[in-house]
Amino acid sequence: MLEELNAKDKYSFNKLQKRLRRNVGQAIADFNMIEEGDKIMVCLSGGKDSFAMLDILMSLKASAPIHFDLVAVNLDQKQPGFPEHVLPEYLATLGVDFKIVEEDTYSIVKDKVPEGKTTCALCSRLRRGILYRTAQELGCTKIALGHHRDDILETLFLNMFYGGKLKSMPPKLVSDDGKNVVIRPLAYCKEKDLVRYAEVKAFPIIPCNLCGSQENLQRQAIKQMMQDWDRRFPGRIETMFTAIQDVIPSHLLDHKLFDFKSINRDSGIIDGGDKAFDPPELPTAPLLNIDEMDVLDVIEVR
């Protein structure tokens, strides 16, 4: 599809491509996601996000000041209708190392989960264990997952609304088996950017609902809520994402994060203090970060 773009669309896509690469590069730098000599297992589901992640990491690898290796891994869970030939054929054209892991988790899930119930939770646990094991077998030092900015915010609201916790997806963590470091290089990337990127790059997308299970209804509701906010209040999503990067524990209520008990008149003003008897002064418009790629010229797409 890239070859079919007119000059204006090609210019627009070039800005998009530069923005996504910069987003990923910034996340890698901010959280020290990739280090010299790392071997990254890029988990490839066949969806737009993981395809984009692999594509961008391959691009960054070619120009990075450090050396690291990539190996793309897909788990074939033997779902009916899964097109087994698509990923091997596509990955072979890229020249990237890859491994297709075949494990019939579909039959296990269908046997254990009652008809009509969502299979996602059990399927996810089984998949996670297999991928952790595969990373060890391949000698990988990091596991890269394709969660993006919108996934992170959705998880934040899910935990707030349904779990009573101020908690989201970490950009980097140690896996629950204690043997792997998991990274999310797309943490700063917008889903709508990834959708457009996948369309132009014409990735061979594989449907995610081959098992017949439906996405978590609570997550669907949160996603729709955020999309509605984005339409009605442009910039609010960006402001919310900025907020979780600028947390002030002294102005929240978690005494495990801040020692409120020891505060007295000699403590001084903490984090700007608070005008206790005045109404809060809040901006009337969202704090928009102007994307420098929207005002800078860019190189042409080749």
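Cβ from N, Cα, C; glycine included.
Annotated in Swiss-Prot:
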type	residues	note
MOTIF	45-50	motif 'PP-loop motif'
BINDING	C120, C123, C211	[4Fe-4S] cluster binding site
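The candidate set comprises the binding-site residues C120, C123. Of these, C123 has the most other Cβ atoms within 10 Å.
The DSSP secondary structure for C120 ([4Fe-4S] cluster binding site) is helix.
Mean pLDDT for the motif 'PP-loop motif' (45-50) in this predicted model: 95.
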